[in-house]
Amino acid sequence: MGASGRLLRAVIMGAPGSGKGTVSSRITKHFELKHLSSGDLLRQNMLQGTEIGVLAKTFIDQGKLIPDDVMTRLALHELKTLTQCSWLLDGFPRTLPQAEALDKVYQIDTVINLNVPFEVIKQRLTARWIHPASGRVYNIEFNPPKTVGIDDLTGEPLIQREDDKPETVIKRLKAYEAQTEPVLQYYQKKGVLETFSGTETNKIWPHVYSFLQTKVPETTQKASVTP
């Protein structure tokens, strides 16, 4: 097996709608590593009312971004508990100061970057419409309503969430690019950036899978044998 006995320290990056969540869950299903999502970690700490959770909530409540040092403390505190396993960081580091702070404590072996054209992401994210009363979700591409803009069951109008409106999506994608471009350049210079480009998650995944086979042991679950 190409995977060495050394524990893998990995990061996954990708814009909202790039399929990062799907790829991350497939990685943890097939390989012996722990997936650490900064968003999940944040919610968990806020729910438990930890010191860092309370601090983070004060920024969120004011509509502000959580400062780099708070996010770094949050991630490093959790990573301290994961000394015996390989891990995949998702959502952190998101800025250059976060990447540099992480670097002082851990040597990152590989950064998986999902490079999906913004136009494709925009189509994915803006295709979602919902029926507010029931929470029913329609996707114009994969699961469209029988009549455009109308709920199948009630005949009531569908709405588009603020987050899914084209102008909001474009703003989010531009903000992501501005924030993460320096991080990608930083890891590129270190020689650990692996970029996987494509328009479909199912076509990108086999390349990510082959790459990780050389880096980390696969899970020995029987499920991988069954079709």
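The backbone N, Cα and C atoms fix where each Cβ goes, glycine too.
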(message) The GTP site in Swiss-Prot lists G17, G19, K20, G21, T22, R128, Y138, N139, R161, T201. Which one of R6, R43, R172 belongs there according to the record?
(response) R172
(message) Test of record reading: of K64, K146, K190, K215, which one does Swiss-Prot tag as N6-succinyllysine?
(response) K64
(request) Annotation N6-acetyllysine in Swiss-Prot: match it to one of K29, K122, please. (result) K29
(message) Going by Swiss-Prot alone, which of K171, K189 is annotated as N6-succinyllysine?
(response) K189
(request) According to Swiss-Prot, one residue in K80, K104 is annotated as N6-succinyllysine; name it. (result) K80
(message) Tell me which residue from K174, K222 Swiss-Prot records as N6-succinyllysine.
(response) K174
(message) Restricting to the record's GTP-binding residues (G17, G19, K20, G21, T22, R128, Y138, N139, R161, R172, T201), give me the longest CA-CA distance in Å as a whole number.
(response) 24
(request) Out of T22, G91, Q98, give those binding-site residues positioned within 10 angstroms of K80 (N6-acetyllysine), comparing C-alpha atoms, in sequence order. (result) none
(message) Taking DSSP as the reference, which of helix, strand or coil describes K80 (N6-acetyllysine)?
(response) coil
(request) Kindly report the helix/strand/coil residue split of the region 'NMP' (37-66) according to DSSP, in that order. (result) 22 helix, 1 strand, 7 coil
(request) Determine which residues of the chain contact the region 'NMP' (37-66) at the Cβ level, with the cut-off under 8 Å and only residues 6 or more beyond its ends counted. (result) 24, 73-75, 77-78, 89-92, 94
(request) Check each residue in the chain of T22 (GTP binding site) that is at least six apart in sequence and keep those whose C-beta is under 8 Å from its C-beta; list them in sequence order. (result) T201
